[in-house]
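All remarks here apply to the structure that follows.
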Amino acid sequence: MNVSGVEKNFNQFCRGFCQANEPVRQYYNGLQILGKNHTDGISKRIDLSYPTSNFFGRKFSLIPNFFGISMSADGKHLNSSNLIVLYFRAERYPDWTTKTVKQWELRVRDHFAKEYSNDLIIVDVMSQTVVESEIVRAGLSLQPFLIVGFVIMSIFCTVTTMFSAVYLYSQKATFNKVALSIIACVTPFMACGTAMGILFFCGVTFSPIMCITPFLVLAISVDDSFLMLHAWNRLESWRTAPLDRPMREHMMGEVLVETGPAISISAFTNMLAFTIGALTSPPEIRIFCYGNAAAIFMDMFYQATFYTACMTLLADTKDTNGVSEKTKRIQDKMSNVVGRFLKWYVSAISNVFVSTGIVLIWAIFIGFAVLGLIRLRVELRPSKFFLKDSPMLYMDNMRTNEIVPYYTPVHVIVNHPGDLKNDSNVERLIELKEKLEHMPNAIGAPSTKFFLDDFVQYRSAFVEEIEMDVEEKDSAPTKSEIEQFLEWPEFSFWRGFLRFDNETHPQNVTKFMFTTGFHGQDLKDWNKRGLLLKSWRGAVEEFQKDFNATVFTEDAFFLDMIDSIPTVTWQTTLATFVFVSLVCFLFISDILTVIIVSVATLVTSVGVFGYLSLLGVTLDPVIMSIAIMCIGFSVDIPAHVAFHFYAAKAKKHASSHSQPSPHQVSDVTSHSTSTTSSTDSSISTPNSFETNLTFALASVGFPVIQAGVSTDFCALPLGFMELYMAKMFALSLTLCVSLSLIHGLIVIPALLSVQHHIVHGVKRLFSKGN
């Protein structure tokens, strides 16, 4: 490591923590000496007992370093050890940066992974930096799957867009349709590139979970493109005037008028969901939420500008010249089939018995979802974030099974220790130490590193010399007791545990740290460790006024999530649900329709979590981020269907948005067998429930199916990865979109039907009463 321009090795820059591994060194020295000279005199001076050994009068604990042990027949000495832990820590120098420290840790890892070789031992390196690098490697492994997802989506978009244009709207298959389909898949990557570039430029750090963002934005963006293409094709089928520049401008305006509100609802609700998530989530999830919100905003911007411009230039006419008679017959037949199916489906869903039956089945679905939600529990395992070939899996397993149950340290930082010459104050500090040593699961004194134990013994042993030194002091400044204490070789390692008011000439200790250990097989469970952390804090809290003591453990950040994740998750979900409902109300002013969409959104999210829980999935930061994602995703399809149903109900809105002017559009009544005729008839008689529903399903039915299936295809590659994060996003995204499709195309129409029958029944009842 570079220290003030000079390259130094660990032994040269470690300062106060150089002797952290001294127990291993002294144990080794003891073995060597006893192996060569096992006399009674030596045996009395060297005692390699477990857990505390003695080497020429100097005691040291083996507990923090030796694990996987077996004891000798007398139960006092080690017979073997499967795992020895070495700690490399150093006091930070002023010119060090976080980046240089991390680089040093990674070089240590690379040295033992690539250069070091030994037939007797295996050396693995573990630190927060090494763990982070493995998580980043896992995230970056998703990048090749982006290409696979893009190819799958491009093929699916091209095939389905061509199919709908040719067989539903009797158009020709052209290259322009292929180009628009591929551009629809390129646009989200443009949005992600722009958004991520801006965020990184503003100082936001990269998080591996952000590799999921392109998949999410791709699914949302393609949905919007499907709506726009479908609206253009439907308007084009009505057109009779030449497709000149004014006509293109008018038709593109009509497309934006019809699809703009639905696209805006989708974009704003998703952005709102992730923004709220960013305000309430842990740091890594916060970065993920910011990235998603920014990418979705840029996607909406590019959708309204870039993709709209491409459609204006490349959108095809309904020219059928060159289409064979056979193709025309297939087109007519397909149009008839779709028209008849739509009419039958709307008629069936409008039946009060059918719609009521669907609602009852939906209620049963909700019941099982709530049951699963109640059973959902928190489980934090770092192994969830690593690839299958990651050495961290082995390290995490060793740590969980061989280290944590036998030695789980707690670091207590005493911020205001007071006067260490005051005996009553020192006794109070010792009381704090003993409080922890006598807690359940505590190992006790053999595992404790408390500098006052040595300092008190030192003062007792040299009290006369110290007093004589004070009496005989001359004009020259003398060293303080603490400084003299730390100059002894066997006590010098305590420097790393102490902080002074003046480092050049230490007089008073302003802060110090001590550690003690805990054990127990139940500590393998993160929830049990979380309870242990609470008990530590409770014990230290009693001494808060005296010493301002605080507890630190490396796992605290994750252990605190055990309590915070459930609370933050439901609070974030509830807040997002409320604001998403308000956004829907801005575009759909019919309160009952908004309630139906909001309930469908909430039930979809509850269903995703409930059934994931029934499948054995536990709550963790990844699932928490999925919760935020699901709120945004689950509103898309229901909102599209509900908005178009509402648009059909509003006479003025329907006539101004959906029916082109007479000199631009043909009278569609002649196309009585086509899907578009059903749509137009819906517009002309918007007060009929069946025609309103027909308009909504004819307008967005095929596009939302395209969007839902394409999203499932987009998530499919992630499911084949041997990575928990990828599998959970694939499973959750597929489940969320599938449930949204079911709600948008089946449940919401059924709820609207039940609402329609109830309202009309009440009206008839009141009319009879009057």
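Any Cβ shown, glycine's included, is placed from N, Cα and C.
A quick note: this is a predicted structure, and the numbers were derived from the prediction, not measured.
Marked as compositional bias 'Low complexity' by TrEMBL: 656-685.
Confidence annotation: the domain 'SSD' (149-313) carries a mean pLDDT of 85 in the model. The domain 'SSD' annotation in TrEMBL covers 149-313.
Residues or ranges marked as region 'Disordered' in TrEMBL: 655-686.
Residues or ranges marked as transmembrane segment by TrEMBL: 145-169 (among others).
Taken from TrEMBL, the feature transmembrane segment applies to 178-201 (among others). For the transmembrane segment (178-201), the list of distant contacts is 150, 153-154, 157-158, 161-162, 210, 213-214, 217-218, 220-222, 225-226, 229, 290-291, 294-299, 301-303, 306-307, 310-311, 314-315: same-chain residues at least six beyond its ends, Cβ to Cβ under 8 Å.
Annotated transmembrane segment per TrEMBL: 207-229 (among others), in sequence order.
What TrEMBL records for 255-276 (among others) is transmembrane segment.
If you look up TrEMBL, you'll see 344-374 (among others) marked as transmembrane segment.
Taken from TrEMBL, the feature transmembrane segment applies to 568-588 (among others). Same-chain residues lying 6+ beyond the ends of the transmembrane segment (568-588) with a Cβ under 8 Å from its Cβ atoms: 261, 264-265, 268-269, 272-273, 276-277, 280-281, 594, 597-598, 601-602, 605, 619, 624, 627-628, 631-632, 635, 639, 642-643, 646.
The feature transmembrane segment is assigned by TrEMBL to 594-614 (among others).
Per TrEMBL, the feature transmembrane segment maps to 626-647 (among others).
Residues or ranges marked as transmembrane segment in TrEMBL: 728-754 (among others).
At the 8 Å Cβ cutoff, the transmembrane segment (207-229) and the transmembrane segment (626-647) share at least 3 close pairs (sequence separation 6 or more) and count as touching. By the Cβ criterion (under 8 Å, sequence separation of 6 or more), the transmembrane segment (626-647) is in contact with the transmembrane segment (255-276), since 3+ such pairs are found. Below 8 angstroms of C-beta separation, residues 362, 365-366, 368-373, 375-376, 573, 577, 580-581, 584-585, 588, 623, 626-627, 630-631, 634-635, 638-639, 642, 731-732, 735-736, 739-740, 743-744, 747-748, 751-752, 755 of the same chain, each at least six residues beyond the ends of the transmembrane segment (594-614), sit close to that stretch.
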